[in-house]
Amino acid sequence: MSINNISAPRFDWTHAEIKALFDLPFMDLMFRAQTVHRENFAPNEVQVSTLLSIKTGACPEDCKYCPQSGHYNTELEKEKLMEVQKVLEEAALAKEKGASRFCMGAAWKHPSEKDFPYVLEMIKGVKSLGLESCVTLGSLNDDQAKRLSEVGLDYYNHNLDTSAEFYDSIITTRTYQDRLDTLSRVRDSGIKLCCGGIMGMGEEQKDRVGLLRQLSQMTPHPESVPINMLVKVEGTPLENVDDLDTFEFIRTIAVARILMPKSHVRLSAGRQGMNEQTQALCFMAGANSIFYGEKLLTTGNPEADKDMALFANLGINPEKREEHSDAAVAEAIAAQVVKQEESKLFYEASV
């Protein structure tokens, strides 16, 4: 493969071609990935997102990596659906700290009709602050995808997690095809996709190849591709799984960048366990998005000040979006306070 034609998006990557990329000498792979990255993105900019759990715990799914699953005893305290006003206050704080995208996650198999209107209000409020909006709510039906699109949702996160072949070893309560069907509904509704996977769950390299191949065959590619390192949580079935080699994780990011040259590749969960040198290599490999803040749903994340210090050392700047004045932010939150006074926005939403 010529270095001169590797940046054009393709949707027909074979398993053998992707395996060959993984097998390149590390420096050659890094050079190729960085070349693709520079052809498509500002090389020293990273998109910064903040992730908030708007409803925590008691999830009926049995994902073996997840502390929010109701199947495992992780001593995680379940929490009710957050008030819309509180969510918008968190969004405003995230923007103040430099985030350009605000992601909201709910531990559901799928959203109920009781819960859904409140999530729609959260999305509208986040967008009124000048932030990109993203939610992860589980499986969606056609009507729910349409309603999310109508309120202007920018991104829907629904990860494939791993290869189709390894998937049943990790999750049994939702099929791989279920996930693909939700992704199709989201795409058909005009919402951008945030879709990636988790590395270090005991999978083999062929499974990382299979996951990236599946993602790269989506037309168009997911606009955002989170690459997570497993965060081991006591009480989950994967708490004692062997660690993934750090260089293999970096290779996975580099291959993702080559396969999906126009996508934001997010260095996602697991950063708290990485030193600055490892994170720098991930950025060199083509990662150009992170989650910013001390917590990702229920797991730890590097402190915001440490991230900004790392950015300064590397000469990296956060991507910028259109600025909204402080008055506009206050007005958006105040509008939600009025709505809250007119309806009950805080209730049990544990399943």
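Cβ coordinates come from backbone N, Cα and C, glycine included.
Take the [2Fe-2S] cluster site that Swiss-Prot assigns to C103, C134, R266: the candidate from C59, C194 listed for it is C194.
The distance from the Cα of C134 ([2Fe-2S] cluster binding site) to the Cα of C59 ([4Fe-4S] cluster binding site) comes to 20 Å. Excluding the listed site residues C103, C134, C194, R266, the same chain places S49, L51, R101, T136, Y155, N157, S224, P226, S289 with Cβ atoms within 8 Å of the centre of the [2Fe-2S] cluster site Cβ atoms. In terms of C-alpha distance, the listed binding-site residues C103, C194, R266 place C103 closest to C59 ([4Fe-4S] cluster binding site). C66 ([4Fe-4S] cluster binding site) carries neither a helix nor a strand DSSP state and counts as coil.
Distance from the CA of C194 ([2Fe-2S] cluster binding site) to the CA of C63 ([4Fe-4S] cluster binding site) is 19 Å.
For the pair R266 ([2Fe-2S] cluster binding site) and C66 ([4Fe-4S] cluster binding site), the C-alpha distance works out to 19 angstrom. A distance of 18 Å separates the Cα atom of C66 ([4Fe-4S] cluster binding site) from that of C103 ([2Fe-2S] cluster binding site).
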